[in-house]
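Residues or ranges marked as domain 'ABC transmembrane type-1' in TrEMBL: B:66-277. If you look up TrEMBL, you'll see B:70-89, B:96-123, B:151-175, B:207-225, B:259-280 marked as transmembrane segment.
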Amino acid sequence: MSRITLSNLAHSYLPKPKTPADYALKEMDHVWQDGGAYALLGASGCGKTTLLNIISGLLRPSQGRVLFGETDVTDAPTAARNIAQVFQFPVVYDTMTVRENLAFPLRNRGRDAAYIAARVDQIAAMIGMEAMLDRKARGLTADAKQKISLGRGMVREDVNAILFDEPLTVIDPHMKWELRTQLKQLHREFGHTMIYVTHDQTEALTFADKVVVMHEGRVVQTGTPEELFETPEHTFVGYFIGSPGMNLFEAEVEGNMARVMGHPVPLSASYPAARGRVQIGIRPEFVQLADEGLPAIITRVEDVGRHRILRGEAFGQPVNLLLPEEIPAAPGPAFLRLAPEKINVYADDWRVLPVGARRAA
Amino acid sequence: MEKSWNNRAWFLVLPVLALVAFSAVVPLMTVVNYSVQDTFGNNEFFWAGLEWFEETVTSERIHAALGRQVLFTAIILAIEVPLGIFVALHMPKKGFWASLCLILMAMPLLIPFNVVGTIWQIFGRVDIGLLGRTLTALGIDYNYTNDWLDAWVTVIVMDVWHWTSLVALLCYAGLQSIPEAYYQAAKIDQASRWAVFRYIELPKMRGVLLIAVLLRFMDSFMIYTEPFVVTGGGPGNSTTFLSIDLVKMAIGQFDLGPAAAFSIIYFLVILLISWVFYTVMTNLDREDRP
């Protein structure tokens, strides 16, 4: 087990990439700490799978290095990297039994029979397939097959990392929750580095200690779920994490005062003069109805149980509010009050730090 | 849903029945008809019972032809199937070279049988053929017209040249249907090249291999044109396979009765062996199920 470092890494599927748009992965430096449970979150096609395949060696990056600990493995084949990876769709060896499937990676590494038997039983218990061990894998259902794939991913104890590429897509919701819990437990028990790719934020937030958000081939933020919620570093994170996503308003910012189409919005800190397209962002949770403030029109009230989502429009842009059940709300004109300490300022989509503040590591 | 029961639905099968009757059953019946009769010319026929069948089953000449036939088919299957798989595994998967390979591989399949025979007949001749003259120049005593081993080698090499492409193309299609994720998973699981073949590629090719083996078995067991053009069944009777023998009997000697009995037994043998192949190969498949 070791730390995984991606240094100056970029990848393009084209033989001669020219513009940045030709790159599936834009240049990045990233470190996966040894033993971390990471979720790699992002929309479909943002480069998540590409990144995983580069780590496992299925793909050679167009530029940059991959380091395991201090060793450069950029040119090492997959087999030499000792990585486990589970794919989105189940891959089982049809002609083998479930037991042989689970034992396969161990057998390929030449482990002795007694160890393999014990380990396979252990994994079978974990994925709940003890009863089916001697059945051929061919006739099984998709989610049973995916459980075998997961089991094969977890069966080796000495791997450098386990990579999961949206592994629970084909699994039914109840089993999904259970397997995710199993994975977390496995992580606590063995301390493997785990990278879990998903586009489902609930899945990401429940599984991981650290969430890595990718957008258009870039890592835009790495942080705890709380950090992603409180201080999204990029407007995409604000929009992607949280339901509904962050509200954004075009604004001019001067010191500790923002103006949205001339309406003053006080901020809790002072900001340096920002260049480019300036926006202020605030989570729907921190927007309230008030007697004065930003004028808006509420168009819809959705009751979702413990709270209500108010959807509306302000200055031609959609705006969402999340209000507790007991506060009365009805469609029509309204004024919005934004909690100053919850407002983030963005210039060209990236967060602007208040004067004197330092970025969290 | 409640389904109504109406026997008149069988009338819908009639057109198919009529078609099959005209295309298969009626012509076959004429053969059956000849097989139980004897004639001394003048279009007069006499009932002969099973006499021709007995003659066929006990004929040493036909036994010898059957032996040669089985040996020939066994040899070409043993060469073409593994070679076809090997070629398919090493063909490029996509791009320009894949298309080029496919076209080149398909070429021999597009050449009419008697042209294939003619090509090899000339190619192997020691006086004007490229192959024959080259071998002679190298000091190898090769002459398919008077040495039985040379004749066999020529006929087998010709068949391999003509038909390995078919096996390769079928296997290639089977290989193309394997999702990339299987190969990736195998790399992750640190599977050897042999394990990838044994546990991923071979199982996925099984269906097309069954078709390939059946087609090659039937075609080679019925082979006529190519060896007839190259060797004419000789030297002696050494390359007289069943079809060649049959045609000699039916058209050469005009022994319609014995030839008809021979045809029926020939047909039943092919049917039987095909059935055995099919059953064995599909049962290998089913054995996997609990």
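From the backbone N, Cα and C atoms, a Cβ is placed for every residue, glycine too.
Keep in mind that TrEMBL annotations are predicted by a computer and have not been checked by a curator.
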Among B:70-89, B:96-123, B:151-175, B:207-225, stretch most in contact with the transmembrane segment (B:259-280) (C-beta, under 8 angstroms): B:207-225
Long-range environment of the transmembrane segment (B:207-225) - Cβ separation under 8 angstroms, sequence gap at least 6: 69, 72-73, 76-77, 80-81, 84-85, 113-114, 116-117, 159, 163, 166-167, 170-171, 173-174, 241-244, 247, 270, 273-274, 277-278, 281-282
Non-local residues, at least 6 beyond the ends, that sit with Cβ under 8 Å of the transmembrane segment (B:151-175): 72, 75-76, 79-81, 83-85, 87-89, 91, 102, 105-109, 111, 116-117, 120, 124, 144-145, 201, 204-205, 207-209, 211-212, 215-216, 219-220, 223, 226-227, 230-231, 234-235, 238-239
Tertiary contacts of the transmembrane segment (B:70-89), as residues 6+ beyond its ends and Cβ separation under 8 Å: 105, 152, 155-156, 159-160, 163-172, 174-175, 197, 201, 205, 209, 212-213, 216-217, 220-221, 223, 241
